[in-house]
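Straight from TrEMBL, the features:
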type     : residues       : note
DOMAIN   : 5-224          : domain 'Homogentisate 1,2-dioxygenase N-terminal'
DOMAIN   : 226-304        : domain 'Homogentisate 1,2-dioxygenase C-terminal'
ACT_SITE : HIS237         : active site, proton acceptor
BINDING  : HIS280, GLU286 : Fe cation binding site
BINDING  : TYR295         : homogentisate binding site
TRANSMEM : 319-337        : transmembrane segment
TRANSMEM : 349-370        : transmembrane segment
Amino acid sequence: ITLFWLYRILPSVRHKPFTPMSCGDLTENWNEVEPDPNQLRWKPFIIPKSSENKVDFISGLHTVCGAGDSKSRNGIAIHMYTCNTSMTDKCFQNADGDFLIVPQQGEILITTEFGKMMVEPNEICVIQQGMRFSVDVFGETRGYILEVFGAHFELPDLGPIGANGLANPRDFQTPVAWYEDRTVATGYTVVNKYQGKLFSCQQDFSPFNVVAWHGNYTPYKYNLENFMAINCVAFDHADPSIFTVLTAKSTRPGVAIADFVIFPPRWGVADHTFRPPYYHRNCMSEFMGLIKGHYEAKEEGFPTVYVCAYAYTCTSAHIYMYMIVYIYIYIPCYVYCVRLTETCHLHLYIVALLLVLTAFIVLICKSLWIKASAK
């Protein structure tokens, strides 16, 4: 059972009616573009300069791709946020689902009804459905957001791994206790995301007036450095599900709405085998975003390559490359990309070059092994 109790100074129902507001680049209308089964790559998302245009967390939300919808309570959406100024006398509430926020550049201070959390790059945080929060930034800031409809994130089943491994429950942190009893004469704005649209209302007090709470329905954060990677130490390659940090389960056993996966620094050892990047196809769509490091498949032309993102739709052929830290999101359905103006197709000559290099390295390794065996 999921529940929580909040003890407030003033009830949250004391506000004026909600009215529609501009959604900007936030959407869940996947019919805005035609389906595209090709491998897609987004160029780095530009952060606006504060001297030119002040953009906070809400106005800096950009939907990249997704599937399903919030009305049927089934599906996901993937957003980028780019902002340069803090939210002043304003908070955000998502009535559609949970936000999993992944900072890539710049730390963010998230004020919630439960307290405050400082979230830095290489950390993640989850703001669950209906929770009000505000985001303070300290410069040019950017990151990824995975939104799920109709389910909450939870730890994956460990199965034969046993009691410990992957993301351990003890490493998740809840906000530091904090509240304020503040009247806002000029008006405090509450922005509500409801059925894919944005609405706003005014009230004359801060919503972060919760003096006490209890329950198991809270926002939380997690440092990805605490992830205990499991890997193959014999031969072949284990399924990427062994890198799952959090999952949002569907009603179908064994199938998730979305899996949040990371490939962190780790030893990738195996016996009597060569480990080139492997090409494959799978039924789950994939969205990949880099947090830090570099993309080995195409370094040239991307000086800040770790900012870009990739999408591989259902059954499209693609390749795994190894970076320092990056995130993978697995979605067992078709994904519709809505930010095609910032995409570029993966060039076939890159794939061909990688195949040639892989074959060349295999031949060299085989030659060296034969010589060593002869001695």
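Sequential numbering from 1, following the chain as shown.
Heads up, the Cβ atoms here are built off N, Cα and C, so glycines get one too.
Unlike curated records, TrEMBL annotations are generated automatically.
Counting in whole angstrom, the residue listed as 'active site, proton acceptor' lies 18 from GLU286 (Fe cation binding site) by their C-alpha atoms.
Confidence over the domain 'Homogentisate 1,2-dioxygenase N-terminal' (5-224), given as mean pLDDT on the 0 to 100 scale, stands at 94.
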